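Remarks on the structure that follows.
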Amino acid sequence: MNFVILRWLNQRRGVALAAASVGSVAFLLLGIPLPLLLGPMAGCLVAALCRQPMQDMGVFSIFMRTFLGVAIGCSITPEVLHDFPRYLQSIFFIPIFVLIIGLVGYPLFRRVFHYDKATAYYASMPGGLSDMLVFGQEAGGNPRALSLIHATRVMGIIWVVPTLMAMIWQIDLHKPPGVPIYSVPCFEILLMPICGLLGWKIAERFQIFGASILGPMILTAIVSLSGLIHTRPPAEIMWCAQFFIGLSVGVHYTGITLTEVRKDIFAGVVYSLVLATISGCFIIMIVKLGIASELNALLAFLAGGQAEMMMIAVITGADLTYVLTHHLTRLILVVLGAPIVHRFLQ
């Protein structure tokens, strides 16, 4: 057993864990919001700049993401389902949002930063980091450039969002993302990882998009609506999930060179600013039309990673169903459009 663990915990994973841990402790000591999400990302970035090879935790990282789906599923109640039709008016803007991002982002990467067609397209699309890397590589794009650009986008957005929330709404992002583990019934704690694992594997079996989050979310929602689960995963579990989600994003900087810093990360920063501007316009419009609150609109129309944005939504007490439906609509539109664009690029 110990030999298996030692084989799994190789040097690259050890470096990633150490860097993420140091980053988390540093952020805790400095009082920076979301220390167990942002700290691992920052620690891995520093390690990457110091030429340290890193690797994420593989299947274990994916398993930890399932608790995010469980947390969302626990929040789906009959009252939430009753309110869902109210979101359709807001979801209508998502296709327009994605189209504008593509029309602005593709020329930016193609003509200003001189990337090839495949890299320019998949760098400009506001999809999930992993999905864009897979589709981009299959289309002949540059996986290193795509990983750096999208990791910079995700990291930049979830660095800015906590700051805005603390400044504008005085939201305490240091508060626990759930109740203490000792206050949750043992039966419910046992059900949570079971729902996470089964939901993930069933969704994966049926090739459902975002299986590690959607599967657990759907299964846990069924269990929640049946009355077997009444609380979200305890704070201790959500803290662990934050840590490994942050680590998974941070390791994408592995092997970074100064040339890539100058081009790819700079391109990612510029693109993030463009995205923020477009998102800001839609957020203001949604709020002015009275469709959603400022907090919900902000979390729904910022094109960060689905897992990262939902983690922030869980902590802030935002309308999880509203935020989730908008991110899923955006990601599904991008993924469904990928095969069509792939043929065009060929």
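Backbone N, Cα and C define each Cβ position, glycine as well.
Quick look at what TrEMBL lists:
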type	residues	note
TRANSMEM	20-50	transmembrane segment
TRANSMEM	62-81	transmembrane segment
TRANSMEM	87-106	transmembrane segment
TRANSMEM	148-169	transmembrane segment
TRANSMEM	181-200	transmembrane segment
TRANSMEM	206-225	transmembrane segment
TRANSMEM	237-259	transmembrane segment
TRANSMEM	265-286	transmembrane segment
TRANSMEM	298-318	transmembrane segment
Output the single range from 87-106, 148-169, 181-200 maximising the number of Cβ pairs under 8 Å to the transmembrane segment (206-225). 181-200
Stretch in 20-50, 62-81, 181-200, 237-259, 265-286 most in contact with the transmembrane segment (87-106), if contact is a CB pair under 8 A: 265-286
Using a Cβ cut-off of under 8 Å, list the residues of the same chain at least 6 residues beyond the transmembrane segment (181-200) that approach it. 62-63, 66-67, 69-70, 73, 211-212, 214-220, 223, 228-231, 233-237
Short question: most Cβ pairs under 8 Å with the transmembrane segment (265-286), which of 148-169, 237-259, 298-318? 148-169
State, in range form, which of 20-50, 62-81, 148-169, 298-318 has the highest count of Cβ pairs under 8 Å to the transmembrane segment (237-259). 20-50
Find the member of 20-50, 148-169, 298-318 that has more C-beta pairs under 8 Å to the transmembrane segment (62-81) than any other listed stretch. 298-318
Could you pull out which residues elsewhere in the chain have a CB under 8 Å from any CB of the transmembrane segment (20-50), counting only those six or more residues past its ends? 155, 158-159, 162-163, 165-166, 173-174, 239, 242-247, 249-251, 253-256, 261, 308, 311-312, 315
Quickly jot the same-chain residues contacting the transmembrane segment (148-169) by Cβ under 8 Å, restricted to those at least six beyond its ends, or write none. 33-34, 37-38, 41, 45, 123, 126, 129, 132-133, 249-250, 252-253, 256, 260, 264-265, 267-269, 271-272, 275-276, 294-295, 298-299, 302-305, 308-309, 312, 316
